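Listed features, source Swiss-Prot:
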type: TRANSMEM; residues: 72-95; note: transmembrane segment
type: TRANSMEM; residues: 158-181; note: transmembrane segment
type: TRANSMEM; residues: 197-221; note: transmembrane segment
type: TRANSMEM; residues: 305-323; note: transmembrane segment
type: TRANSMEM; residues: 364-387; note: transmembrane segment
type: TRANSMEM; residues: 403-429; note: transmembrane segment
type: TRANSMEM; residues: 451-473; note: transmembrane segment
type: TRANSMEM; residues: 548-566; note: transmembrane segment
type: BINDING; residues: Cys590, Cys599; note: [4Fe-4S] cluster binding site
type: TRANSMEM; residues: 606-627; note: transmembrane segment
type: TRANSMEM; residues: 681-703; note: transmembrane segment
type: BINDING; residues: His692; note: chlorophyll a' binding site
type: BINDING; residues: Met700, Tyr708; note: chlorophyll a binding site
type: BINDING; residues: Trp709; note: phylloquinone binding site
type: TRANSMEM; residues: 741-761; note: transmembrane segment
Amino acid sequence: MTISPPERGSTAKSQVEKVDNPATFELFGKPGHFDRALAKGPKTTTWVWNLHANAHDFDSHTSDLEEVSRKIFSAHFGHLAVIFIWLSGAFFHGARFSNFSGWLADPTHVKPSAQVVWPVFGQEILNGDMGAGFQGIQITSGLFHVWRAWGITNETQLMSLAIGALVMAGLMLNAGVFHYHKAAPKLEWFQNVESMLNHHLAGLLGLGSLSWTGHLLHVSLPTTKLMDAIDAGQPLVLNGKTIASVADIPLPHEFFNQDLIAQLYPGFGAGIGAFFSGDWAAYSDFLTFKGGINPVTGSMWMSDIAHHHLAIAVLFIVAGHMYRTNWGIGHSIKEILEGQKGDPLLFPATKGHDGLFEFMTTSWHAQLGVNLAMLGSLSIIVAQHMYAMPPYPYMAIDYPTQIGLFTHHMWIGGFLIVGAAAHAAIAMIRDYDPAKHVDNVLDRVLKARDAIISHLNWVCIWLGAHSFGLYVHNDTMRALGRPQDMFSDSAISIQPVFAQWIQGIHAGAAGSTAPNALAGVSEVFNGSTIAVGGKVAAAAIPLGTADFMVHHIHAFTIHVTVLILLKGVLYARSSRLVPDKANLGFRFPCDGPGRGGTCQVSAWDHVFLGLFWMYNSLSVVIFHFSWKMQSDVWGTVNADGSVQHITNGNFANSAITINGWLRDFLWAQAAQVINSYGSNTSAYGLMFLGAHFVWAFSLMFLFSGRGYWQELIESIVWAHNKLKVAPAIQPRALSITQGRAVGVAHYLLGGIATTWAFFHAHILVVG
């Protein structure tokens, strides 16, 4: 910790400026008001593309960093308003169109639904039998499981949440207008990182987690304990009354009665006194460290989750008191950064992290790049935890939801990480001043970029040739009828020994790292099979040769994605081919006439290519997950305890050839979507075809050149002129960059929607 000099202590002056900047629709209603050229109105059809490209590119509106910061800040409130409206819609559907109460009464037999299709021209066929007499569309978002975990017991509570979320949306919209048009923060407020860290860590994460712990302890714990007892067929008694159904459960506010909640958790009887006297063991019945999962619901123990949030709250409240603001104590981020000088042997950057503080507080693109990389990685980590440590009741046996949440969080993470590279490249072009970064860490990385990229390229070639080589070998041997010469568990075995060792460490650690834990951290690490309602909720995930092979395909595709994105960032400002890239900007088609071979070299083009490889990588990941779980984990548990897996364990023998992936995964599991017509999953059949069409449509933009279209358009304009119906706005072909943008958007949209329909139609039928 560093003690600040006295002059740093007086920063308590107002950091908000009163502005009179009326929010007038006269201005907003004028298209392109933010750009002098666009405000003149359209002369050619290119105008509408430029309008969309620049509407949110605040850097292009003004070079005033304070004004840009205020626009971003205001836009965040608008974004939050949209999120609250979206949440309200989810709550409203749960309140008005769902079988939530029916699902709560029998979660192992009733399927969740929150949408009922009205008959217009026969689409009521989409309403499937959800059980308990309810007809609707099955949802796979996991909302019912989350709501049960919160302690929501009826639709009235959901309607209250729907109304509350709309009120919050209104407040957010109001805040967005107020903090731009009436009282706007000054630039120094946006750059006051210590204050921001203190408030976000202690307030948002610390007090937020503490508040959530309060809800979990006082509402979720008693409510879910009563529901679990009902589901287990052993209802509990409260005040002499048997709680035999969800309707009998007391309302949340009734649990503020200490005597009532103490009948479920005696620790509540100790009151707040035990906290101040240090007798924390009195609370050990509701702040637990059990480990494993609840055998009734197949989810983590609610008392473990409450304990976790309490620990998080304590950590973050402490963390939120570490940074120096108006008082002369605490850390200064600038001083911490400037104290890092780099290892003289491994990384000889004599200036270390000098200049980084200024770069990160004046380049919001740089800051956003870091944040997107972190958040994207976090989303991918969430995807893994949804099945390994299921947090919500009965979610583990809702296989469509499990596949849906895994796929969703993987793709969200992928898009955010590509976005991180995009904004890092924009930061390098618009915000990086080489004169301010001499021999610091950024400068050293840029000086070493040839070594970094060529090594990464070598790694990609090695991984690609070897991982694909294993598959080519196996396909050849199987084609020639020589199974004994294949890489497989039963022939030439290549076991993933490192991964198996890590599984073993996690399985064995439970007794030593957490002495009082009753079970390991997750059943996937050599654990036992947990059955809920006759279905597998969690089980050990055995790894073999097939996993070793596909994991190296993962390594290959991820490294290629990183190669493309990192090359885009490191060569954003200049390269041997185009030394003046920084002057050409983030996106440009080619380096002008007479410079052949310089097309598709901009930082934007690297993001464009990175998106395809991100999609490539994650398609293999979600296919691997989907097939592996159906083959080796998910299934029904027979009376004798044996498990009938959905695809009968065919992964180990089929996933070791390319032909096996095509035949036993893609083709075999497409049976449901291809044969869905005439059934309640027929919408997925239509989506499957429609999304294929959108995907194919993208190829038209990706495979053809701009000149072809310009030539075609000119002949069409000639025909219009002949008929005297020529438009006032001159039609022009899309630019190369615009065409590629339209192409990649439809490629990803078509690919993702195709995969969605393929997964859903299959798992809704067999899962």
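Note: Cβ is positioned from N, Cα and C throughout, glycine not excepted.
The binding-site residues listed here (His692, Met700, Tyr708, Trp709) include no residue with a Cα within 10 A of the Cα of Cys599 ([4Fe-4S] cluster binding site). The transmembrane segment (548-566) makes no contact with the transmembrane segment (158-181): fewer than 3 of their CB pairs lie within 8 A, with pairs spaced 6 or more apart in sequence.
Listed binding-site residues: Cys590, Cys599, Met700; maximum Cβ neighbour count within 10 Å falls on Cys590. Taking the Cα of Met700 (chlorophyll a binding site) as the reference point, the closest of the binding-site residues Cys590, His692, Trp709 is Trp709. Counting same-chain residues at least six beyond the ends of the transmembrane segment (741-761), those with a Cβ under 8 angstroms from any Cβ of the stretch are 140, 400, 403-404, 407, 411, 608, 611-612, 615, 619, 622, 626, 669-670, 672-673, 676, 681, 684-685, 687-688, 690-702, 734. Of all the binding-site residues listed here (Tyr708, Trp709), the one with the fewest other CB atoms within 10 A of its own CB is Tyr708. Secondary structure from DSSP puts His692 (chlorophyll a' binding site) in a helix.
Close to His692 (chlorophyll a' binding site) in the fold, though at least 6 residues off in sequence, lie Gly750, Thr754, each with a CB less than 8 Å from its CB. Within the chain carrying the transmembrane segment (606-627), a Cβ under 8 angstroms from the stretch's Cβ atoms is held by residues 403, 406-407, 410-411, 414-415, 417-418, 421-422, 425, 550, 553-554, 557-558, 560-561, 564-565, 567-569, 647, 651, 655, 661, 665-666, 669, 740-741, 744, 747-748, 751-752, 755, 759, 763, all 6 or more beyond its ends.
158-181 is the stretch from 158-181, 197-221, 305-323, 403-429, 451-473 with the greatest number of Cβ pairs below 8 Å to the transmembrane segment (72-95). For the pair the residue listed as 'phylloquinone binding site' and Cys590 ([4Fe-4S] cluster binding site), the C-alpha distance works out to 18 angstrom. Counting only same-chain residues 6+ beyond the ends of the transmembrane segment (158-181), those with a CB under 8 A from a CB of the stretch are 19, 21-23, 70-71, 73-78, 80-82, 84-85, 87-89, 91-92, 94-96, 100, 147, 152.
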